[in-house]
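Participant: Okay, here's the structure, questions in a sec.
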């Protein structure tokens with residue numbers, strides 16, 4: 001909704017709003033302006049939440065990106081925060097590190113580089129943030145803790161920032177501190193020193209990406225730490241802060257927020273967060289976890305993104321209500337605008353904020369989220385021109401609505417033709433893992449790595465049929481905060497599948513401990529992957545095989561001799577119908593009619609028996625039901 005040109009000189013404006021009962025509210029600058037607005041953003045990572053997006057074909061992939069980042073079109077996001085991949089499970093999957101090993105650097109793994117470039121292409125002014133949730137095992141030097149050797153950790157993070165610039169021409173604006181258990185003051189100071197030493201004085205630090213305390217008290221008492229930290233960033237603050245945080249004089253951000261199902265109720269929750277993070281907590285930036293729901297629905301926190309794009313095989317995506325809730329602020333403000341101090345709550349529920357560019361423009365965002373039944377199926381619709389008469393206007397606000405009153409006239413509800421209809425994962429699916437040279441991605445389409453990292457691999461010394469494969473490359477347990485599995489696993493397909501056949505060529509590289517599996521009916525992923533069940537067909541380099549009902553291998557359905565050894569290619573085939581499972585090795589029956597009762601359905605998976613090198617090729621699925 002627009003305020004007319006009469007509002008160009010707005011100082012001393014009197015806003016009269018009727019919400020159920022007549023209520024008067026003043027908006028003016030008589031007491032000065034409030035804090036500077038820093039933007040609204042989305043978070044890709046923590047973990048692997050944009051995993052399926054890059055697999056979309058054009059034009060649908062670009063359309064999704066436009067709805068997220070294109071100014072004056074959709075969400076028009078002003079901040080993009082990405083995970084600095086650490087080879088470890090960090091909520092819904094694993095993102096690859098730029099340094100699997102201490103002497104290894106590769107700045108083309110994963111999709112975050114591509115995503116940042118695409119965001120920057122659409123909005124050159126977008127703020128970029130990197131945060132590591134986990135680290136390769138060598139960073140911890142054998143410990144599940146990244147700060148015992150803070151100089152190593154600081155160097156690892158700074159190299160990622162330098163690589164972003166050198167290989168992708170991306171200027172990272174902020175870097176966060178991994179802090180699920182506690183933070184390390186020594187590390188923060190050393191990170192600041194290392195950034196400055198490498199010419200990255202412009203890169204600022206957000207700490208501690210957890211709670212207001214203890215970071216606030218420590219920053220308040222430590223002048224060196226205070227100088228090192230630019231932003232006090234918290235996760236899920238519930239729109240509130242603590243008095244001491246305000247006294248530090250630091251910018252306050254909700255550096256991870258939302259984490260809510262993206263239906264209309266979730267959209268209403270997001271509207272309340274965006275306004276009340278400032279009204280209640282004086283937080284000047286809010287970042288949604290997550291950016292886009294591009295991971296399998298049945299992984300933890302399914303559809304918690306601002307929009308849904310998790311069917312690259314069909315091309316279907318859904319522009320959900322949080323996109324348009326975001327647009328109510330982002331399309332009519334810019335980072336650097338100033339909040340008015342006269343912001344607050346409506347007497348009967350809801351809140352209002354007002355921002356100005358100090359050059360004559362004013363934007364007022366109101367939300368009346370009483371019952372969180374937002375929009376009543378009407379989203380981001382231009383309504384009436386609202387005329388200001390003698391510095392005042394009146395409007396009646398309905399319950400569970402968001403209204404924006406603004407002098408900015410170029411907001412736009414972007415629109416593309418409907419994408420293809422939703423469709424399940426194809427029942428017949430093949431991948432020979434022949435790397436096409438796609439610079440966007442180092443991993444096979446539609447696979448969702450849960451532990452370990454499965455990357456395209458080209459064997460230049462082998463011109464034969466297996467010179468291009470998918471290889472599991474993580475050989476040391478990562479530094480992680482979730483209960484990562486002892487085995488590596490990547491899932492794919494339709495969670496509803498129950499009767500099917502899967503086959504794959506496998507190659508164990510470790511002579512002594514090599515072990516590889518294919519699996520069906522895999523029933524869990526994400527941070528609970530350690531406890532997943534299914535039907536797992538294992539072969540080992542010591543010449544044995546095993547069939548288990550769980551990833552940990554505790555429930556054995558069958559076992560025996562297979563004659564398998566390392567550095568030889570084998571074809572594994574696993575078939576499951578009803579309560580019975582059987583398998584072939586190189587086309588010959590190895591075992592059959594193993595009896596199983598649970599689980600009844602789940603994904604297909606491949607993986608290894610430990611963190612070890614192994615290769616996969618000629619993967620195929622035929623789902624029967």
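Every residue, even glycine, has its Cβ placed from backbone N, Cα and C.
I grabbed these lines from TrEMBL:
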- 180: active site, proton donor/acceptor (ACT_SITE)
- 256: active site, nucleophile (ACT_SITE)
- 37-331: domain 'Glycosyl hydrolase family 59 catalytic' (DOMAIN)
- 339-369: domain 'Glycosyl hydrolase family 59 central' (DOMAIN)
- 449-623: domain 'Glycosyl hydrolase family 59 C-terminal lectin' (DOMAIN)
- 1-22: signal peptide (SIGNAL)
Participant: My understanding is the cutoff is Cβ-Cβ under 8 Å with a sequence separation of 6 or more in the same chain; which residues meet that for residue 256 (active site, nucleophile)?
Facilitator: 43, 46, 81, 209, 233, 235, 236, 287, 289
Participant: Could you give the number of helix, strand and coil residues in the domain 'Glycosyl hydrolase family 59 central' (339-369) as assigned by DSSP?
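Facilitator: Counts, helix then strand then coil: 0 helix, 16 strand, 15 coil.
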Participant: Restricting to the domain 'Glycosyl hydrolase family 59 central' (339-369), what is the model's mean pLDDT?
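Facilitator: Taking every residue in the domain 'Glycosyl hydrolase family 59 central' (339-369) and averaging pLDDT yields 93.
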